[in-house]
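Below: one structure, written as C-alpha cells.
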Amino acid sequence: MWRQSTMLAALLVAAILGSACATSRPNSPPRITKQPAPGELLFKVAQQSKESDNPFIIECEADGQPEPEYNWIKNGKKFDWQAYDNRMLRQPGRGTLVITSPKDEDRGHYQCFASNEFGTATSNSVYVRKAELNAFKDEQPKTLEATEGEPFMLKCAAPDGFPNPTVNWMIQESVDGSIKSINNSRMTLDPEGNLWFSNVTRDDASSDFYYACSATSVFRSEYKIGNKVLLDVKQMGVSASQNKHAPVRQYVSRRQSLALRGKRMELFCIYGGTPLPQTVWSKDGQRIQWSDRITQGHYGKSLIIRQTNFDDAGTYTCDVSNGVGNAQSFSIILDVNSVPYFTKEPEFNTAAEDEEVTFECRAAGVPEPKISWIHNGKPIEQSPPNPRRTVTDNTIRIINLVKGDTGNYGCNATNSLGYVYKDVYLNVQALPPTIPDPPTAMSTVDGRNITMKCRVEGAPKPLVKWLRNTNWLTGGRYNVQPNGDLEIQDVTFSDAGEYTCYAENKFGNKSAQGSLVVMERTRITQEPQNYEVAAGQSATFRCNEAHDDTLEIEIDWWKDGQPIDFEAQPRFVKTNDNSLTIAKTMELDSGEYTCVARTKLDEATAKANLIVQDVPNAPKLMGITCQADKAEILWEPQGDNRSPILHYTIQFNTSFTPASWDSAYEKVPNTDFSFVVQMSPWANYTFRVIAFNKIGASPPSAHSESCTTQPDVPFKNPENVVGQGSEPTNLVISWTPMPEIEHNAPNFHYRVSWKRDIPAAPWENNNIYDWKQNNIVIADQPTFVKYLIKVVAINDKGESNVAAEEVTGYSGEDRPLDAPTNFTMRQITSATSGYMAWTPVSEESVRGHFKGYKIQTWTENEGEEGLREIHVKGDTQQALVTQFKPDAKNFARILAYNGRFNGPPSAVIDFDTPEGVPSPVQSLDAYPIGSSAFWLTWKKPLYPNGKLTGYKIYYEEVRSSYVGERREYDPHITDPRITRMKMAGLKPDTNYRISITATTKMGEGSEHYIEKKTLADMSSVAPGTPTFSWEQVPSENGLAKFRINWQPSTEGHTGTHFFTKYRIKGETQWVRTPEEKNNDYQEVKGLDPETAYEFRVVSVDGHFNTESATQEVDTNTVEGPIMVPNETVANAGWFIGMMLALAIIILLFIFICICRRNRGGKYDVHDRELANGRRDYPDEGGFHEYSQPLDNKSAGRQSVSSANKPGVESDTDSMAEYGDGDTGQFTEDGSFIGQYVPGKLQPPVSPQPLNNSASAHQQQAPAAAGGSGTAVAASSSAAGPSGSGSGGAGGAGGASASNGGAGAVATYV
C-alpha cells in the first residue's frame, strides 16, 4: 500500500512539474517534427502460416503549445485507425501509426494532421504499398543450341513483383543443386534480365550444370529460381584463332533515354563478336574521363552515372570494334528530369501585432513544378478570406498582424514526377523581452575574436544593445549579432571589464550582466626551421613560446596533422626545453611537423618541414643487348628518396675477376637510362648499375646476363717502361704488368728488347711468359750508359696492334768522383743568409744523373749531427743560402750528388753571423685586473737570435671590424728577464688588441698579439682571493728588505691594485704599505733582523678589499752591509782575518803559476784547446789563455774549442741571470761579502763560479787534500766593455769581472 501511495505521489509531482513547464512555454501552432518521406512505403504480408507478421510504422510527430492532436486521412478520406481492433495502434503522445499485422487492404495514400487551437500542421503524403514477389512459371529445363564463336542470348521470363525484382543468371550444379554466380567478360546481363554471350566457346556447354535465372526481392529478402537451360555448343571444327565474327549489336539502351536528378543511371551498349569486342565511350564527341561518379560496368559494356545531375545530359556514343569487319557505333541521347525541389524554403515566423510577415517559397524541377499554398491543412483558397493577406505563386504577405493571423501555412511544389512539401507557421505574440541565455564571466586573450552570448526572446523581437562599463558599444570592432550576441574582433587589453546586454521592445525591457578578462595571447617566439637531413642522422626542431604567466602552458608536437605518441615511438624525444629530437632519421620521418603551444584559452602553432634524404633505391635493370665488342645496358630508376639522382655508374666484372666490380663508365647523366659500353676481347662480361645522389651511392642493381667476346690481338703494350740500373754494372728494365682483361687471347707474354744507343748496335730480346712479372735484370753492363728499350705484348693471335714505344734508359749510377772547389762565402747579407760561390764539378765525374749540389751547414753548438742541407740546381755556381743561425759561428761545405750517391764534400769553411731580430714570444696571456688594467704574462722567444735587450708592448682599441690607433705602452721593458707586467690606464668594457715584440740590438722581432676585453665597471664586486710570493733583496742599512710579488686571482674578479700588510708574529697591529697602482710588486724595508713576520697582500677594487692567506717570513739574515754599532772596518776582527787569508791565497797562486811556466806547462784549458786543434797562440810568453788573436783572420776562423765559451753577454747581464735571480752568493762585483747570508732564507750552499757555461763547469779544479784548494774560472775575452773591479789571475790583460767579464777567481772553503 505504501509503495502504491509513493508511486501516486511521484506521478502527481511529475504532472504538476510538467504542467508548470508547459505553462512556461509560449503558445504556438503545431510544427511537424517527424513525417514519412515523399514517395512509397512498403510493407510485407505474411503469406504462409510459418511466416510471422512484419509490423511497420507511418511516422508523424509534432510540437506546439498546447500539445497538438492528430488526425489521419487515407485516400482523401478521414481514417479511423481505431476501427482496426488491435491490428493498428497510435503511439502515445504522438501521431505515429503502428500496423502490427499488415493486410492487403492497408494499401493506400496516408497523410497526418496535427492541430491545436492556433493552427493545423500537415505532413507529407505517403503511398503505402505491399511488397510481393511471384514465382517463376513451373516448367522443365530446356536444351538450347548455340554455335561456337557466334553471339547468343538466354532469355529470362522473370516473375512479376513489386518493387520490380532484381534478375540474375547463375550456374546450378545438376548433382547437388549448388549455385554460383557468373562473372565473365563474355557474358552480360541486360536490364530486362537477358543473358548475352558476346561469343560462345566450347567451355560454355552445360553437360553437368544448368544456366538458371533468379529473381530477388530485396525488401522481402527472398529469391526464386526458374528458366533452367542446358546449353549445347555446336563446334565449328576450326581453331579459335580462325573462328572470327565481326561485332553485332545485342542490346543497347533506348536512343532517347531519361534519367532522374540525384538517381543512378546506367546506359548499355552490348555487342557480340569474336574476338571479344572492345567498347569506347564518348560524350558529345569528347572521350569520357572516368571518375568515382562516372564509371564503366560489365567490362566496359555499360556506362554508370551515380548521382545524376543536369550537366550529365547529352549524347553518349559507344564505339565498338574487335579487328574483324567494320567498327560499330551507337548513340544514346540522355535527358535529365527532376522531381521538384526547393530553391527557397518558407520559414517559421514569430511576430508581434501590427507587424507584417512574408512567406516565400520557390522550387525547381523538370518538368517545371506548380506551387500551391496550404492554410491549416486546406488549400488556401478554402480558408476564410483575409483582406490583409496577399497570395501569389511564390509568396504570402500579411500586414497589420492580429492575434487571429496565427496559424499554419504549407508550400506544395508538384510536377508529373512527384512533389515536395513544407509546413511552417505564423505565431503572432505580444511578449516583453526575456533573456533565457544571459552573458557570463568570460576570459580570452588579446588579438582574438570573441562572442559574448545574450539570447533574447520577446514579441515583437527585442532590440538588443550592449554596454561596456557605462559606454554603449556601436560599430567598429563591436558587432551585435541578429540573435543578440556581441562579437568583439581583435580583442585588446582595454576591452576588459563589465558588459551589459540590454533588450527592449514596446512591452518592456530586460538587461543582464557579464564580464570579460583579457590575458596575454600565446606566441611562438622561436619557430622550428625547415630541416633537410641525411638518413641516419638526428634532426632537432626547436620551439620557444611566450604566454600569460597566469595560465598553464602545454607544448605538443604533431606530425602531418596527428599528435606524436612519444611512448610508441622511442626515436622521437621531447626534451626539457620542449624541443623535438628525432634520432636515426629514416625516409618515412619526412613530413610536416607542428609545434602546438596550448593554454586553456588559446593556442599558437608553428610548422616546419623535415626532408629525410637517403641514397637512391637500387635501379632496376631492364635488359642488355650484347654485340661483338660492345653492350647496351638499359635500366629504370626506382626512386631517389627525396634527393635527386645526380648520375649513374656502370660497373662490370669478368671471369678474370669474378669477385670484384670495376667501373666501365662513371657519371652517366641522370636523364639517360641506357648506355653503350665497350668490351675487351676474350672475356665474359656481367654488368650492373648504381645511382648516385648527394647522400651517396644506391645499392647496386641486379647483375645482367653474361656477354662473351671473341679473342683478338692485344690492343696495347705495357705502360710505364723504365730502364735504370740498381747497381753500377747492371740494367733493370721494368714495366706495369697488363691485367688479364687486356690479354685478349690465350698464351699471353711479353717480348723485352734493348740495345746501346750507338750506331749499328743490334737489338737483344728476351720473352717473359709470366704475365705478372714486371722487370728483368741485365747484368755485366758498363756504368751509366744510354740504352733504347721497348716491351711488346703478344698472344696467340699475334703482336699488339699498336707499335711499342722506344724508351731511353741508363745502366746503374756510381758515386761521383770530384768535389766542388773554391767554396767561399762571398757576402753575408743578414743574420741568417749569405751568398756562397764555388767552382763546379765536371759532368763526367758525376757518373750518373746530375741532380745538383748540396750545401751543408751547422753551428758549433749543433755539431755536424744537426746539419741542414740546402739543395741547389746543377747549372749554377753560386746561391743565396738562408738557413744560417744568427749570432753564431757557422760552418759550411758543398758536395755534388746524382740519382743514387752523394759525392765527396768540399773543404769546410766557417764564418760568424751577426745578431738578428728575435722570433715571436712563445705565448702571451692577459688577465683583466679590475675594469682598466690587464695582467700580462708571456714566455720568452724560442729563438732569441741574439742577446735580448727587452720587450716592447703595443695596444690598440678594437671596435667591431675597426682597429684604432696603435700605441706603444710606456714604460718600455729594458730587462729581458721580465716576463710579466701590469698594463694600466685602459678604458672599461673595451676590446683591445695587445701586441708584444722582443728586441735585440738589431731591432724588434715578429710580434705576437691577442685580443682581450677589459671588464665592465665592477666596483660593486669584491675581488677574488690573491696570492703572493716574496724574495729578500739586498739592504743598504742593515735592516731586512723584501720584495713582495702580487699574484692576483685569475678566476673571477682580480681587483685593480694592491697593498701589503705585515706584522711581527704574535702582535695584533698590522702595518699597511701605501697602495701600489702601477706595478705588481712592492718593496718592504726596515724589517728587524732575526725576527719572524707575518705578511698578507690585499687586492683592492673600489670600496672592496680581499686579503690573501698569511705567509710567515723569517728575517734570520740580512743581505748587504750590516751596520754594527761602535765597530769600524779597521778594527773588525773578521776583516783582518779575511785579508790575511786572501794574501796567502794570492801568494800561493803566483808561486804555482811560476813553477808551471818554468817547466813549460799549460793550464788545463790550454791543453784542451791544443787537443781540439788550436794553433794560433803567439810565441811570446804569458798566459796564452787570455791572449788576443794575432789578426782578424784568425779571429774570424777560431777553433772549434770556442764552442765551449759562453755566449756574448748583454750590457745588462748580471749574476742574477745565471742563478735564476738568486744573488745571495755574490754581489755584483764578484766578492764574497755576504756569502753566508742565503738569499731566500735557505741553508748555506757552496759558492758557484760566476760563469755558469758548460766550459766553465768543466774547468773547475779539484780541491786539494786536507779540505782546501783553489779553482780558476777561465774563459775568452769578455765581449762587453771592461768595468771596475778586481782583475783575476794576477796577470795583465785579464778581463774585468764586472758587466759580463769572465775573470773571477773563487776560493772554496
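Glycine is no exception: its Cβ is also placed from the backbone N, Cα and C atoms.
Sequence annotations record features per position, and here TrEMBL assigns signal peptide to 1-22.
The feature domain 'Ig-like' is assigned by TrEMBL to 30-134 (among others).
For 141-226 (among others), the entry in TrEMBL reads domain 'Ig-like'.
Residues or ranges marked as domain 'Ig-like' by TrEMBL: 247-331 (among others).
Model confidence over the domain 'Ig-like' (340-427) stands at 94, taken as the mean pLDDT rounded to a whole number. The domain 'Ig-like' annotation in TrEMBL covers 340-427 (among others).
What TrEMBL lists as domain 'Ig-like' is 433-517 (among others).
If you look up TrEMBL, you'll see 522-611 (among others) marked as domain 'Ig-like'.
Per TrEMBL, domain 'Fibronectin type-III' is recorded for 615-712 (among others). Remark: secondary structure over the domain 'Fibronectin type-III' (615-712) totals 0 helix, 47 strand, 51 coil, with classes taken from DSSP.
The residues of the domain 'Fibronectin type-III' (717-814), classed with DSSP into helix (H, G, I), strand (E, B) and coil, number 3 helix, 45 strand, 50 coil. Positions annotated as domain 'Fibronectin type-III' by TrEMBL: 717-814 (among others).
Under the heading domain 'Fibronectin type-III', TrEMBL lists 819-916 (among others).
Residues annotated as domain 'Fibronectin type-III' in TrEMBL: 917-1018 (among others).
Sequence annotations record features per position, and here TrEMBL assigns domain 'Fibronectin type-III' to 1022-1120 (among others).
Among the features that TrEMBL reports, transmembrane segment is placed at 1132-1154.
Annotation source TrEMBL lists compositional bias 'Basic and acidic residues' at 1172-1183.
According to TrEMBL, the region 'Disordered' annotation covers 1172-1309.
Annotation source TrEMBL lists compositional bias 'Polar residues' at 1189-1204.
Contact between the domain 'Ig-like' (433-517) and the domain 'Ig-like' (340-427) is supported by 3 or more Cβ pairs under 8 Å, counting only residues 6 or more apart in sequence. In the domain 'Ig-like' (247-331), the DSSP tally of helix, strand and coil residues is 3 helix, 49 strand, 33 coil. Of the candidate ranges 141-226, 247-331, 522-611, 615-712, 717-814, 247-331 contributes the most Cβ pairs within a distance under 8 Å of the domain 'Ig-like' (340-427). Secondary structure by DSSP for the domain 'Fibronectin type-III' (819-916): 7 helix, 45 strand, 46 coil.
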